[in-house]
Amino acid sequence: MASGDDLKRRLTILGSTGSIGTSTLDVIERLGGRDRFEIAALTGNGNIPLLAEQARRIGAELAVTADEDRYGELKDALSGSGIEVAAGRSGLTEAAERDAGWVMAAIVGNAGLGPTLAAARRGADIALANKECLVSAGSLFIDAVAEGGGRLLPVDSEHNAIFQVLENDQRHAVERIVLTASGGPFRTKTLDEMRHVTADVARAHPNWSMGLKISIDSASMFNKALEMIEARHLFRLRPEQIEVIVHPQSVVHSMVGYTDGSVLAQLGCPDMRTAIGYALSYPKRCDLPVERLDFARLARLDFEAPDEVRFPAIKLARRAMEEGGVQGAVLNGAKETALDAFIKGRIGFLAMAEIVEKVMDGLAGLPAATSMDDVFAADERARRAAAEMIR
């Protein structure tokens, strides 16, 4: 566990050039920058100019690009700065294992699994923005956090909301949790209209500012599907205790229902910096200059049930939870492959869920993972099966 909540925090950011990573650095600078945080390492992928600029600005000790072919470019960009440079999978592991009490795990996709697991095993407090650690690895990741002795602080706005309102001494009285979903840009579109949308249209989220892949996952509601599986592991819930409601305003971030009929919710303007600030300052709250809710101007809050015909990702998540085994890894691997194909224009929007369902059908009954090798094997089989369908 990180030492001393009042001391300067030593932090590594895995995925600093993505949407969550850049927002994390913005929060750090608003909370005092180098006066309150020491940055042990930053990692990125292909945006070398941004990674180098971030490392210089925040005074990082180590900068890592996941792309081994870009090592020389990053080294040149940081020449004379005194900042160490590394690349590839070994570089990501080096960043994760570097002495830092806190780690922001914001690498998108399965690429974030290995380094985040390495950080958890050494006992770092993990601010978790990577969904795949829980969707694919599930209890293996939770066990690694417990064995390492660190804390797990969710950064997804929905899970962060639940974490904030969940009364730890009353967990036995939790009846259900309700994850809210904006409905994305296609909430009111017909199936026929959705059949012809492009990636550029799908990425335009009505409320949140996010990266390309996460925005499209939100449009298909696969983002919410992954969050359902995450919530099961994070809060040790049964599948039937997890509900989803569409809430177009994205003001209520999630709710916890108790056995006495009470429902507690966390509200706020849609800004990821709120959840990031809460995680980085935990157990205290920080002072952030984000927009405040104006209830008079807001006037109303709307809720509606998700349409699982137009958005079948929800039922696929429920199926993955009920079947157990490595179906979370199968769902995610197939989804990532289908998503990449959609972005490249090789398949239509609705084909993503169709491919995932067929892959889950074909790989049903795989045993539960007993090691990360089992997780990676299931993921690879799902990706291969999806790729065969796309070819």
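Placement of Cβ uses the backbone N, Cα and C atoms for every residue, glycine included.
Swiss-Prot lists Asp156, Glu158 as binding Mn(2+), and of Glu73, Glu84, Glu227, Glu240 the one it places in that same site is Glu227. Listed by Swiss-Prot as binding NADPH are Thr17, Gly18, Ser19, Ile20, Asn47, Asn130, Glu132; the candidate from Gly88, Gly183, Gly184, Gly211 that the record includes in that site is Gly211. Note on Glu158 (1-deoxy-D-xylulose 5-phosphate binding site): other Cβ atoms within 10 Å of its Cβ, all shown chains, come to 26. Between the binding-site residues Thr17, Ser19, Thr17 has the most other Cβ atoms inside 10 Å of its own Cβ, all protein chains included. Looking only at Cα atoms, Glu158 (1-deoxy-D-xylulose 5-phosphate binding site) sits nearest to Ile20 among the binding-site residues Thr17, Gly18, Ile20.
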